[in-house]
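Q: Following this message is one structure expressed as structure tokens.
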Amino acid sequence: MNRIYRKVWNKSLGQLVVASELATGDSAGTRCGEDGSGLRRRILVTAVSVLLFGMAAPLALAQSVEVGGNADCEVLPGGVPTADSCVVDGSASATGSNSVAVGALSVASGTTAVALGYFAEATAGYATALGGLSLASGFNSTAVGNATAATGSNSLAVGSDSLASGAASVAVGQGSLATGVNSVAVGGTGAFATEASGDFSTAVGGAAWSPGFNSTALGNFAEALADNSVALGGDSVADREDTVSVGSAGSERQIVNVAAGTEDTDAVNLAQLEEATASTQYFQATGADEAYALGEESTAAGSGAYAEADYSTAVGAGSSAYGVGASAFGTGSTAEGQFATASGYGAVAEGGSSTAVGGTLYYEDPVTGDVLLDQTTTAAGDGASAFGAGAQATGAFSSASGAAATAEGLQSTAAGYSSAAGGDYSTAAGGFSSAAGYASSALGYGSEAADYATAVGVLASASGAGSVAVGEFSVASGAESVAVGGTAFLGFIPAEATGSNASAFGAGAGATADRATALGSLAWSAAADSVAVGYNAYASTAGSVALGTDSLADRAGTVSVGRAGGERQIANVAAGTEATDAVNLAQLDEVAAVADETSQYFQGSGAGSASAGGNDAVAAGSNANASGNGSTAVGAGSLASNAGASAIGSGAQATALSSTAAGNNARAQAANTAAFGSGALATQTASTALGSNAQAISNWSTAVGMQAQGRAAGATAVGRAAIVQNGATNAVAIGHGSIANQADTVSIGTGGAAGPAGAPAERRLVNLADGVDDTDAVNVGQLNEVAEVAEETSNYFQATGAGSALVDGDESLAAGSGATAEGDYATAVGSAAMALAEGASAFGSGAFALGEFGTAVGYNASAAGLGTVALGAYSTAAGELATAVGAESSADGETAASLGYAADASGDYATAVGGYATASGFNSTALGNFSEASGSNSLAVGSDSVAGGDDSVAVGQGAQASGFNSVAVGGSGFFGLLPTEAAGDYSTAVGGAAYAGGFNSTVLGNFAEAYGDDTVVLGSDAVATADGSVALGQGSVADRENSVSVGGAGAERQIANVAAGTEGTDAVNLDQLAEATQYN
């Protein structure tokens, strides 16, 4: 300890003072406002001088000094001390060897201890206490400031109320606390004190806290809670061991100006990171389990990810890819089938080449908490596609699009929430729509359709086989019925066609009987074969016709153009030319004029006169009429009105060339027809009806038997009430009640359809000889022989339709009505499917594969280019090697790929994934609904994202990257009105609503903005407006060119953890500054 003193002149006191030999007396002094790096040391010397001698003699006598070591002291009567003298009043105590106590009640009891100030205590060896009520009780401790305490050995406490209780601890600043061993607390106190309570910890800044072992907290309210943790910056929190934190949850910071790391444990900068991740594209994963990639060229990424088969890919925690070439993306996703793709949480793609895109549909009742929906997206069928949360595509080549949509049938399609396509080749579009029948179509919310039926409109129902219902609430329940129209009477009366082959057209129209027709709003046909045309027209009896508003047809087989009290005339009637034509008034008057001049060659009973107007004609009977040349009419009211016609019987009519009608009311109405029997009817060319009420009403048809009917061309019906129905061309019905309803068939029973009493559903054909030729019928004996072989043969294929399949190529296949496979190795499966090139494949009704080795799957799907793939209804793949997956998706560019409803990849090598996603730029990629990548080599990821600039990247909902080589990462802010946008060339914007408008500008932070060229902005709400400027930290403003701002006016920040500068332009830290200025 220095005990050599000298007397020097104190200019400010105007007197000599005692000072250490290190003090000088020739200094000019330091004035207020001057900058001197030795200011703190000079203030201390001055304070000691004042305490020793005072500014005047009376003050000097009021202080006390005791010098330890049993040295003598003397009390001086004057204010100017003599050499080597001291002043004491007796209250100070310096009991330690070589100790010094200065100040009233001060105590220096430790060896070489120093106590300076009122009640200052230095009680340990080499302890120093400077300041009123200061305490230095630890060995070699130092306490500086009022009420400071340095109780730990080798501790230092500087600042009023500061405490350094840990061994080798340092507490600097008012109220700061350093309680841990080797701890350092630098700061002050407000609501909370700066505190370093962990051993070997450091806390710097107001209210900074470092309770963790070996922890460091730098910055106001910074907290280093965990062992070996570091918290850098105001409000930063480090709560994990062995970590460095520069912010806290929700208030993160970036670290800038990081030099490139060279050692394994060095930090890396963005350039190194981008270089290292150029091929991995921003991959991150968390979790405890390892990923396994077992197959050749397989990839597994994510905790517990499992890629088992060759060329498989599993990305996401717990994802699994089991099939060859299978891909699973998303937590818990599973791709089991070969070349299957599953994307989304829990998505499952079981079938070969199936696609499942969507997460789990989960919904709880907000009141009861009951789980109402819990369903994963699943594509179980081969080639099936499921898009949407909980969508299910279980049928082969089926498509389900929409939350909870279900496509169970083969090549079925369901689109809309909870839509269901259960039948093969069925289509359901609209929420809760249901196409349960085979080849059915239900379009509209809640619509439903049975086999071959079509329902269009909200809650439209086509439940009859082959029926059609169009319009809200419309009902077509009869087989092959048609109901077209909405509702009438305030929505209570729908259009409905409930009878077989019935037709209802108009709001509230009804056709409720077989073959009934109603046309017009509220028109109603309630009897078989009736017709009602016009508003509120009503046909109530069989075969009746009601024409016109409010018309009523209530007599069978009549035509009504009004009702009782509301009759109508039929005007503008042309003169009739055929026997059954209506005549006009002029014709009636003409006939009346010549009636009296007509010769009568034959008469019978009755009031009417017979008439034979034709050459060589014969008429016999009341009102018999033989008007055709060579015609014969025999019977009351008989009519033979054409050449060679013969009508025999009361009311018999033969009105066509060479026609014959024999029997009461028998009618032969077409050339070369014959009707024999009461009420027999032959209406078409060369038709024959034989039997009471037998009807042959189509060309070349024959009906033999009471009530037998031949309704189709070339039909033959033999037997009482035997029927060949409409459309059953060349069919034969034999036996009582037999029904033939298919072309070119022979029926000997009703087949289970409703028929006359006693008519059997089936009959046996007995005494049948063995068939010899290919077209011969076979008997049971022959059948049994074949059955023995048939049991060993599998039959997997069925198809319907009128067209024939066509095959024209080696080893090609065509299956389905009108299917065509023309190229070698071509395959066409489905109604009207066409595969017209070598190796082409078309699957689905109307599917079209024109390019070599192209594949089209789905209704009207088109694969036009070489090696193209189109999967989904109306999907189109036109570019060479292009792929389109999803309804109405298109891939027109070379090697382009689109996935999702109406997705469009028109640029060469472009990729569009998501509903209405568009990738038009060369080698562009658009991922997400309504995403758009129009620039060359651009990438847009997220719904509504746009990458318009060449080489641009837009990631996040609504993100926009319009500048050349620009990058925008983040979603929209301010209620979705402000997108993240990188507008400048080479610009980068990262964060919600971040904006990088300047050339080569970079922005990281929500709502951060960069307008100047070559600018950098890091932190939310930060702004850089000047060229070359940098804004670091939340709310920072950089408005000067080539400047770096870490805050704004009134919101400045410190820069911490600065390494010692080595070059002329490097920043220096406080240690460098203190070292450089310690002797100033």
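Just so it is clear, glycine is given a Cβ too, placed from its N, Cα and C backbone atoms.
Those TrEMBL annotations? Automatic predictions, nothing curated.
Straight from TrEMBL, here's the annotation block:
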type     : residues  : note
DOMAIN   : 108-132   : domain 'Trimeric autotransporter adhesin YadA-like head'
DOMAIN   : 164-187   : domain 'Trimeric autotransporter adhesin YadA-like head'
DOMAIN   : 254-281   : domain 'Trimeric autotransporter adhesin YadA-like stalk'
DOMAIN   : 321-347   : domain 'Trimeric autotransporter adhesin YadA-like head'
DOMAIN   : 462-486   : domain 'Trimeric autotransporter adhesin YadA-like head'
DOMAIN   : 569-597   : domain 'Trimeric autotransporter adhesin YadA-like stalk'
DOMAIN   : 729-751   : domain 'Trimeric autotransporter adhesin YadA-like head'
DOMAIN   : 837-861   : domain 'Trimeric autotransporter adhesin YadA-like head'
DOMAIN   : 891-917   : domain 'Trimeric autotransporter adhesin YadA-like head'
DOMAIN   : 919-945   : domain 'Trimeric autotransporter adhesin YadA-like head'
DOMAIN   : 1024-1047 : domain 'Trimeric autotransporter adhesin YadA-like head'
DOMAIN   : 1054-1078 : domain 'Trimeric autotransporter adhesin YadA-like stalk'
TRANSMEM : 43-61     : transmembrane segment
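Quick one: how deep are these features, and who are their neighbours?
A: Note on the domain 'Trimeric autotransporter adhesin YadA-like head' (108-132): mean pLDDT across this stretch is 94.
Each residue of the domain 'Trimeric autotransporter adhesin YadA-like head' (321-347) gets a DSSP state, and the totals for helix, strand and coil are 0 helix, 9 strand, 18 coil.
Broken down by DSSP into helix, strand and coil, the domain 'Trimeric autotransporter adhesin YadA-like head' (462-486) contains 0 helix, 9 strand, 16 coil.
Long-range contacts of the domain 'Trimeric autotransporter adhesin YadA-like head' (729-751) within its own chain (CB-CB distance under 8 A, at least 6 residues past either end) are made by residues 705, 708, 712-723, 758-763, 765.
Beyond its flanks by at least six residues, the domain 'Trimeric autotransporter adhesin YadA-like head' (837-861) meets 383, 397, 399, 411, 413, 425, 427, 809, 816, 819, 821-831, 867-877, 880, 887 of its own chain at Cβ-Cβ distances under 8 Å.
The DSSP breakdown of the domain 'Trimeric autotransporter adhesin YadA-like head' (891-917), given as helix, strand and coil counts, is 0 helix, 9 strand, 18 coil.
Long-range neighbours of the domain 'Trimeric autotransporter adhesin YadA-like head' (919-945) within the same chain, counting only residues 6 or more positions beyond its ends whose Cβ lies under 8 Å from a Cβ of the stretch, are 896, 898, 900, 904-913, 951-961, 964, 968, 971.
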Q: When DSSP states are grouped into helix, strand and coil, how many residues of the domain 'Trimeric autotransporter adhesin YadA-like head' (837-861) land in each?
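A: Helix (H, G, I), strand (E, B), coil: 0 helix, 8 strand, 17 coil.
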Q: Can you tell me which parts of the same chain pack against the domain 'Trimeric autotransporter adhesin YadA-like head' (891-917), counting only residues 6+ beyond its ends and a CB-CB cutoff under 8 A?
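A: Contacts with the domain 'Trimeric autotransporter adhesin YadA-like head' (891-917): 355, 357, 387, 401, 415, 865, 868, 870, 872, 876-885, 923-933, 936, 943.
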